[in-house]
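TrEMBL annotations:
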| type | residues | note |
| --- | --- | --- |
| TRANSMEM | A:20-40 | transmembrane segment |
| TRANSMEM | A:68-95 | transmembrane segment |
| TRANSMEM | A:122-147 | transmembrane segment |
| TRANSMEM | A:159-180 | transmembrane segment |
| TRANSMEM | A:187-209 | transmembrane segment |
| TRANSMEM | A:262-281 | transmembrane segment |
Amino acid sequence: MRNALLIAELSLREAVRKRLVSVLLLLTALFLGFYLYGIVRLEGTLDQRSLEAGLDGRSLNGASNLPVIYSAMFGMYLVYFLGSLMAVLSTVGAVSGDIENGVMQSVIARPISRAQLVLGRWLGFGAVNLGYVALLSAGLLGGVYAITGYLPPEPLAATGLILLATLLLTALTVLGSTLFTTLANGIGVFVLYGVGFTGGILGSIGTFADTPTLTTLGRAANALMPTNALWLGASYHLQPEVALQVSEAARGANPFFADAPIAAGLVVWAVALTVLAVLGATQRFSRRDL
Amino acid sequence: MLEGVNAIETHELRKEYRGRAVVDSLTLTVPPGEVFGFLGPNGAGKSTTVKMLLGLVHPTAGRAQVLGGSPHDPAVRARLGFLPEQFRFQTWMTAEEFLRFHGRLAGLKAAELGARIPQVLETVGLGGRGGETLGGYSKGMLQRAGLAGAILARPALVFLDEPTSALDPIGRVEVREIIERLRGEGTAVFLNSHLLSEVEQVCDRVAFVKRGRVLQQGSMRELMGGVLPLDVRVDHLPPGLLDTLSGLGELRHTDTNTPGRADVELWLDHEDAIPAVASAIHAAGARLYALNPRRPDLETMFLDLIEDTPDSSARAARLGQGAARA
C-alpha cells in the first residue's frame with residue numbers, strides 16, 4: 001500500500017506540476033463566474049417582475065422560483081458533464097502514456113508490483129477528479145444559495161452520486177489505459193459515456209411513448225454504463241416537490257432529470273463496476289509486456 | 001542475499017512476439033560481481049533479454065533467475081539497478097526529485113537519500129545540476145541521470161542497456177570508470193552494447209548474440225581459443241633467440257625485412273610467460289623496443305561470428321588450421 005500511495009502522490013504532484021490543477025482552477029473560476037453572473041441577472045429580473053406584480057416576495061420552493069431551481073439543476077448537470085470530461089481527459093494516459101513515452105520501464109524495474117502502480121494511479125487521479133467535482137459543486141450550489149437563498153433539497157446526496165460517477169469513469173479510464181493506446185482509450189471511454197447517455201434518452205422516450213422495448217434497452221444501457229443513471233439519481237435529490245411534479249407531469253419527456261430516486265441496486269452495481277475496473281486494470285497490466 | 005549465488009542464471013529462455021522468436025534458447029550464467037558484456041547487432045534480442053531479467057517482459061518459455069530469485073519478486077528487484085535503452089523519465093521532475101522518487105520506490109529512507117542523491121549525481125557528472133528539471137536536460141545529461149538512478153540504491157546487479165549511446169567520448173570514459181568502480185565494490189554489471197571497444201575494455205566475460213541466440217560466450221581469452229598474442233620488436237635476432245622463444249610460446253610470425261629491426265609475433269598460453277620472453281631477449285643480447293600483449297580483437301571475432309559463422313567450432317577449427325600453417 002505504501003507504494004500505491006507513493007504513486008498516488010506522484011500522480012497528484014504530476015497534476016500540479018503539469019499545470020493541470022492551475023488550469024482547472026482558472027477555468028472553474030471562469031465557468032462559475034459566468035454561470036453565477038447569469039443567475040444574478042435572472043434573480044434581478046424575477047425580483048423585478050414580482051415587484052411589478054405587486055407581490056411581497058417569492059417562495060423559494062414555489063413555482064415562481066422554478067427558473068432558479070432549474071438553473072441550479074442544469075448547473076449541476078454541467079458539473080456532472082465537466083467532471084466526466086475531466087475524469088476521462090486527465091486519466092486517459094494514466095498507464096498507457098507512461099508506457100508510450102518509456103517512463104514505465106524504469107518505474108516497474110523497481111520493487112513495486114504492477115497492481116500497486118495501477119491502484120496508485122487510480123487513487124491519485126481519482127483524488128484530483130473528485131476534488132474538482134466537489135469544488136465545482138460547492139462553488140455552484142454555494143453561489144446559487146448566496147445569490148438567491150435557494151438550496152436544493154438534498155445537495156449532499158446529489159453530489160455524492162455525481163462523485164461516484166466521476167470515480168467510476170476514472171476507474172474505467174484507468175482500465176482502458178492498460179488495454180489500449182491513449183487515443184483509443186479516450187475515444188472508447190467517451191463512447192461508453194455516450195452509451196450511458198443514450199440509455200437515459202431511450203429510457204425517457206420509452207416511458208414517454210409507453211414503449212416497453214425502448215425502456216428495456218435504456219435499462220440495459222444504464223446497467224452497462226451506470227454514469228447517466230447516477231446523474232439522474234442525483235437530479236432527483238436536487239428537485240423540490242414542485243419540480244418533481246413538473247417532471248411527473250412531463251412523463252419523462254425531459255431526459256436530463258428523473259422523477260424517481262436511483263435504484264439501490266444500480267448504486268451497488270456502480271460501486272462494484274468501479275472496483276472491477278480497477279481489478280481488471282491490475283490484472284491486465286500485470287500480464288502486459290513493457 | 002546469499003554469497004556465491006549467481007547474479008544471473010537463465011535456462012533455455014525464450015521470447016516470441018507473434019510467433020517469431022526474439023530470444024531463443026538463451027542459457028547464461030553470470031557469477032556475482034562479474035562485469036558481463038552482452039554483444040550483438042541491432043535487433044539481436046539484447047534489450048528483450050534484459051527486460052525479461054527485470055520482469056518487464058514475460059518469457060514465453062524457459063527459466064530466469066536473478067540474484068537467486070525470480071525477477072517478478074519485488075524483493076529481488078530491490079537489489080537491481082537498471083538504465084533502460086530508452087532513458088525517458090518524467091520530464092516535469094528535477095533530477096533530485098526523480099532520484100528521490102526512485103529511491104523511495106527502492107525502499108531507501110529519507111535521511112539515506114539526502115546523503116546518497118548528491119553522491120550519485122556527483123558520480124555521474126551532474127553535481128550541482130540536480131535542481132534543474134529533466135525537461136531541460138540534454139540527451140547525454142538524461143542518460144547520466146538514468147545512470148545515477150541505476151546505481152542509486154547500491155544494487156547487487158546493474159543492467160546497463162547501451163549506457164553510452166548519448167554520451168561524448170569523455171562521458172564514455174566516465175561510464176567505464178563507473179563500471180570499474182562498481183566491479184570494485186562487488187556489484188555485478190550486465191552490459192548490453194554493440195560498442196565493441198566499450199565491452200572489450202571493461203568486461204570480464206562476453207556473450208555474442210544474434211537473432212536471439214547466443215553464438216558464443218566466455219572470457220576474451222576463452223573466445224580467442226585461450227591464446228594471448230604477443231608482439232615483440234627487437235633490433236636484431238641473435239642466433240638461438242627464436243628457438244628460445246618457441247619454447248615459451250608458439251612462434252607465429254617473424255618479420256626481418258626492415259634493416260635494424262625485427263618483429264616477432266608469439267602466441268602465449270598465459271600472460272605469466274611475458275616476463276620470461278623479456279628475460280630471454282635480454283639474455284640473448286638483443287635490444288627490446290616493444291613487448292606488446294595484444295588484446296583479443298573483439299571486432300574481428302564479432303564480425304566473423306555475426307556475419308557467417310554461427311558455429312563456434314568453425315572458428316576453433318580455423319584457428320587450429322592457422323596454427324598448423326605456422
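Every residue number used here counts from 1 along the chain in the order it is shown.
Yeah, the Cβs are placed from backbone N, Cα and C, and that goes for glycine too.
Unlike curated entries, TrEMBL annotations are predicted automatically.
When Cβ distances are compared across the two stretches, the transmembrane segment (A:20-40) makes contact with the transmembrane segment (A:122-147), since 3 or more pairs at least 6 residues apart fall below 8 angstroms. Residues 11, 15, 20, 24, 31, 35, 38-39, 42-43, 46, 61, 104, 117-118, 121-122, 125, 128-129, 132-133, 136-137, 140-141, 144, 148, 150, 152, 158, 162, 165-167, 169-170, 173-174, 176-178, 182, 185-186, 189-190, 193, 227, 231, 234-235, 238-240, 242-243, 256-257, 281, 285 of the same chain lie 6 or more positions beyond the ends of the transmembrane segment (A:68-95) yet place their CB under 8 Å from a CB of it. Remote same-chain partners of the transmembrane segment (A:262-281), defined as residues 6 or more beyond its termini with a Cβ less than 8 Å from a stretch Cβ, comprise 95, 118-119, 122, 161, 164-165, 167-168, 171-172, 174-175, 177-178, 222-223, 226-227, 229-230, 232-233, 236. Sequence-distant contacts of the transmembrane segment (A:187-209) (same chain, six or more residues past either end, CB-CB distance under 8 Å): 84, 88, 92, 169, 172-173, 176, 180, 215-222, 224-229, 231-232, 250-256.
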